Each structure stands twice: as C-alpha cells, then as structure tokens.
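Features as listed in Swiss-Prot:
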| type | residues | note |
| --- | --- | --- |
| ACT_SITE | Lys175 | active site, proton acceptor |
| ACT_SITE | His294 | active site, proton acceptor |
| BINDING | Asn123, Thr173, Lys177, Arg295, His327, Ser379 | substrate binding site |
| BINDING | Lys201, Asp203, Glu204 | Mg(2+) binding site |
| MOD_RES | Pro3 | N-acetylproline |
| MOD_RES | Lys14 | N6,N6,N6-trimethyllysine |
| MOD_RES | Lys201 | N6-carboxylysine |
| SITE | Lys334 | site 'Transition state stabilizer' |
Amino acid sequence: MSPQTETKASVGFKAGVKEYKLTYYTPEYQTKDTDILAAFRVTPQPGVPPEEAGAAVAAESSTGTWTTVWTDGLTSLDRYKGRCYRIERVVGEKDQYIAYVAYPLDLFEEGSVTNMFTSIVGNVFGFKALRALRLEDLRIPPAYVKTFQGPPHGIQVERDKLNKYGRPLLGCTIKPKLGLSAKNYGRAVYECLRGGLDFTKDDENVNSQPFMRWRDRFLFCAEALYKAQTETGEIKGHYLNATAGTCEEMIKRAVFARELGVPIVMHDYLTGGFTANTSLAHYCRDNGLLLHTHRAMHAVIDRQKNHGIHFRVLAKALRMSGGDHIHSGTVVGKLEGERDITLGFVDLLRDDFVEQDRSRGIYFTQDWVSLPGVLPVASGGIHVWHMPALTEIFGDDSVLQFGGGTLGHPWGNAPGAVANRLALEACVQARNEGRDLAQEGNEIIREACKWSPELAAACQVWKEIVFNFAAVDVLDK
C-alpha cells in the first residue's frame, strides 16, 4: 500500500465505536415538509442519557449500525440519516422521554407501508440500550401520502353505493364465531339483515375451516343478502372474509365475491399483512368492492403504554394501505378505548386535515391531501342501552356493530336487529330535534320502548350490563 493511500485512509476513516448522539442527535435541525416525523416514547436503560437513547433510535431505524463502517464514506449520511431533533421528559413518569425523529423521504419506497414500518419499527425495538420503546405517532408528509391509493372507495362513495345517508350504519357479527354450518350461518345473516341491519359480518377468524368452507359460506351469505334486499328494498351487505394463507388464495376469494355481485369483502389487515392488504385494496377499487378491515392482533402491538405501536399509527397505516372500514373500539363497550384518544384517531381516519392536539394524543398536524376517509367501526360488548352514547361519540360517519347485542335477543336474531334499528332511529331523531344524547339517552330509549316490544325486551335483558374497567392506555397528565 502506498504512503499516499495510507494517509487518505487515516483521514477519511477511523475504525471503532462512537456515541450515537455525536452523529444522530441534532437539536438544531429544522424539519422539512417532506420529512416523515416520528414521536417515540423512550425508556432508556439505567445510565443511558436520553440524548443517546433518542439518537440510537434515529440511527438504528435509519442508516446507523453499532460501529463505524468503511462504506459510510460511499454515501452522504447527512442526506439519508434519521435525526433525533427534540427530546421531552414525560411528566409523571420516571425515566420516560418523547424523542422526536425526522426521516428523509428518500429512505422509503413509494406506496409501501411494509417498507415504511420495516425501517421505522424494525430492529430498533429490540435494542439493548432501551428498556422499552413505543411509537406514539407519525407525520406522513403530503409528498409521501400521494404515492398511496388509500381506501378503495371512501366514505362518500360508500354512502352513494348503499344509498344511505344521515345516520350511522348498523352491523352485526355472526355468533358463535366458529362452528356453524354454512347454511345455518346464512340463515342468521338473513334474519339480521331482514330485521333492519345494513351489514352482517364474518368474525375475524372465520376463513375456511372444516366445518364451513369459504365457498359454501359465500354462496349462502349471498343468497341471504339478496333475499333480504328483495324483502326490505334496502341495499344490504355481508363482510365476506377473504383472508387466507396466501395472497393468491385471498384474491381468488375476492374474485368469487365479485362474481356473486356482493358489495363488500373483508380482510384481517394485521395478521394478513400490509402487502396483502394493499394488494386487496387495489383489487377492490378496480372491481367496485368495498373493503372492511379488522384489526385482529392489534392489542398485542398497541395496548401497553410504554412499549409497542400506538393504534393511531396503525390507523394511519391502514388509511394508507387501504380499507373502507376499520374497527376502532367503542369507548363504552368491552374493549380497550379511552374517549379522547379514540376520538383523536377517529378524526385521523375520517378527516382530510387534522391539527396537532396533544390533549387527544395527536403529536403532529396531518394533511391527508384528499386521500379518501375510512369509516370507524364501533364493535365489542355493545347493546341498545349504549346506542345514545355511540351515536353521540361517533356521529353519522361510522358503523355501529352489535354481535351479541343482536343475536342475544331473547326472541331471536330478527327481533334483535329490529331492536337495534329502532334504537338507532330514535337516537338520530332525538339528536336532530336538538336533544342531548349524553344527558337524555336513557330516557330516549325508554320512550322508544313504548312503540317497540322488541326494543323493550332487549332493554330488559341488558339493563345491568356494563364494562367498568379503567383503560390501560391513557393520556399523559
């Protein structure tokens, strides 16, 4: 090796390990409109300064590795590296910090939620220097949003397809979720739709099991919804779950649903994966199918306050990947969901522009630049007594889904559907007349019971059923 080469090497590269904060902690950095911004809740190991922890997150989720490497000199780290540009201590929590990280847009493949998550939440969550790490929020810049198709159709197109306006939509998950034959399953679908519901639904784990193969279920459900449509004069739908073991099989099931002429299919977007979900969303737009997405497995990822990914991030990812509906919790039912947090990500699903609002857990202003909106689905442990609260909390652009709250009616499935439809109509009418659903809800339901024995029977069964448990994931004080 010549002396000149040795001299250049000694100047251009110095082997060894150096602190992340020397390269990746840049409090002077001014974020760009094209940056993807992330807010991480960081819990460092004892003895690790917060600046080093935040810089480590920025490094390990972008260009960094544990040691200096020769090939750093072959690219521009200043152009491609993530930067931890701000750190806040979490009030009321010991050794917890919010680290803000900016990522250059060139780090991400266009139109790929899969690639975005692989970078931002890939290896870094197993990093030993951190006791815990949670991704609280993302700011997706308009330049990146515009590379996604998003929901196949969106809220307004769905309403136009269904010809239903001015109220929430009503649904029901068929129970028991497993074990019914296809014919008995179709019977339950017919009874619920005939009783007044807009939708019925496959449960998330109904795919193609020995007791009910997918093709048989699709056929009996299509027969049921067409019969109910003929008798009621309303457009009906059943969420036919197309989730399968391979993308090819999933698309095959969606093709069969399209051939049957049904309006909507379903996908478990977290267990199925973002690549599969985006593929199905593209198929649904091209072929006029609505897409209902279920968030099965979400609580494994989002429920713990100090580690994982907050659901508001998963909701944003779903809007980008594509889905016309997404389960969002109920606030009042059996599943986790604090009111302000829930309404925060509901707005992120539906609205075109959402301002930063830390009181609702929204860390960044989000501009969706006309990406279609997603209907939030309130489902899980709800019944007729919850109808006023659900109508007040979620408003018209939502789906209120009663499984046990329909099929558990003492008189059967159809009366259960009648009870829910009448409770909803009573709440919408009362709201339109200027009544306060939050204060007068129970009285509104009692008044409606005078005109509906089905509703009165439902109210009697569920009058004392409540789920009074404190939420695990709550806002910081």
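Placed from the backbone N, Cα and C atoms, the Cβ positions cover glycine too.
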Next item on the list: Have a look around Lys175 (active site, proton acceptor) and count the other CB atoms within 10 A of its CB, chains all included.
Entry: 16
Next item on the list: Quick one: pull the CA-CA distance for Lys175 (active site, proton acceptor) versus Asp203 (Mg(2+) binding site), whole Å only.
Entry: 8
Notebook entry, point to check: For Thr173 (substrate binding site), what is the tally of other C-beta atoms lying within 10 angstroms of its C-beta?
Noted result: 24
Item checked: Those binding-site residues of Asn123, Thr173, Lys177, Glu204, His327 having Cα within 10 angstroms of His294 (active site, proton acceptor) -> Glu204, His327
Notebook entry, point to check: So which other residues, same chain and not among Lys201, Asp203, Glu204, have a Cβ within 8 Å of the centroid of the Cβ atoms at the Mg(2+) site?
Noted result: Thr173, Ile174, Lys177, Asp202, Asn205, Val206, Tyr239, Asn241, Met266, His294
Notebook entry, point to check: In this structure, which of the binding-site residues Asn123, Ser379 has the fewest other Cβ atoms within 10 Å of its Cβ?
Noted result: Asn123
Checklist line | Candidates Lys177, Arg295, His327, Ser379 (binding-site residues) - the one closest to Asp203 (Mg(2+) binding site) by CA | finding: Lys177
Check: Whole-number Å distance between the CA of Thr173 (substrate binding site) and the CA of Glu204 (Mg(2+) binding site)?
Finding: 9
Notebook entry, point to check: What are the non-local neighbours of His327 (substrate binding site), defined as same-chain residues 6+ apart in sequence with CB under 8 A from its CB?
Noted result: Thr293, His294, Arg295, Pro376, Val377, Ser379, Gly380
Next item on the list: Take the Cβ of Arg295 (substrate binding site) and count every other Cβ within 10 Å, whichever protein chain it belongs to.
Entry: 23
Next item on the list: Sorry to bug you, but what's the C-alpha spacing from Lys201 (Mg(2+) binding site) to Asn123 (substrate binding site), rounded to the closest Å?
Entry: 36
Margin query: Just to confirm: which same-chain residues, 6+ apart in sequence, have a Cβ under 8 Å from the Cβ of Glu204 (Mg(2+) binding site)?
Written below: Asn241, Thr243, Asp268, Thr271, His294, Ala296
Notebook entry, point to check: Which of these recorded positions has the least crowded Cβ, counting other Cβ atoms within 10 Å: Lys177, Lys201, His294?
Noted result: Lys177
Next item on the list: Count the Cβ atoms, other than its own, that fall within 10 Å of the Cβ of Asp203 (Mg(2+) binding site), considering every protein chain shown.
Entry: 18
